[in-house]
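Report on the structure given below.
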């Protein structure tokens, strides 16, 4: 959930009119640009619905990581070159290109970290602790949504174009995390997640306790003996 918020998506979606106004769009155009990004978000989420169980969670996250990273780097470079203390307006062509890059970023998020940020946690917790785990998940998400929403305008004023470089750095970190530490959970029933995924993962298996299985077997044996 922390990674989901540090993609920078809420900063873009919350303050898209302000952001596009800063880029040199007029007020109406900035509103239309925000509507466009919202539409792209909805349509791209549909892509995730149809592809998540076909290509897998990891593939979507890694592809989207590359797409989000490159789009944010391009935006940061363009703004760094074209928007300076002496010139705060982009030419029409560059402004349209920035909007296209923002939509590219939003589309990648919408079929990866957006829905999968909720799907994957729902698959990782055992049934016994699923309710508590999901409660913590929602709490962390809302907490960091609040943090990013409160901090974005100050960050934009101080970092300026580097705000996109900041978020792209986080996208790189979370993509590395997915590559090495996130197992594939496609087509794995929740009841079998521990045995088929976590106990076989090269890193997380060291945190899995086999004593629980032994206790369950002992309890089953005791019940059979009593019967």
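Backbone N, Cα and C atoms are what each Cβ position is placed from, and that goes for glycine too.
Note that the structure is a prediction, hence the values are computed from the model and not measured.
Feature annotations, reproduced from TrEMBL:
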type     : residues : note
DOMAIN   : 1-186    : domain 'Major facilitator superfamily (MFS) profile'
TRANSMEM : 7-25     : transmembrane segment
TRANSMEM : 31-52    : transmembrane segment
TRANSMEM : 59-81    : transmembrane segment
TRANSMEM : 93-114   : transmembrane segment
TRANSMEM : 135-155  : transmembrane segment
TRANSMEM : 161-182  : transmembrane segment
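It is 93-114 that, among the stretches 59-81, 93-114, 135-155, forms the most Cβ pairs under 8 Å with the transmembrane segment (31-52). Below 8 angstroms of C-beta separation, residues 3-4, 7-9, 12-13, 16, 20, 23-25, 33, 36-37, 40-45, 47-48, 51, 60-61, 63-65, 67-68, 71-72, 74-75, 78-79, 82, 174 of the same chain, each at least six residues beyond the ends of the transmembrane segment (93-114), sit close to that stretch.
Using a Cβ-Cβ cut-off under 8 Å and counting only residues 6 or more beyond its ends in the same chain, the transmembrane segment (161-182) has close neighbours at 3, 6-8, 11, 57-58, 61-62, 65-66, 68-69, 72-73, 75-76, 79-80, 83, 113, 120, 152, 155, 203-204.
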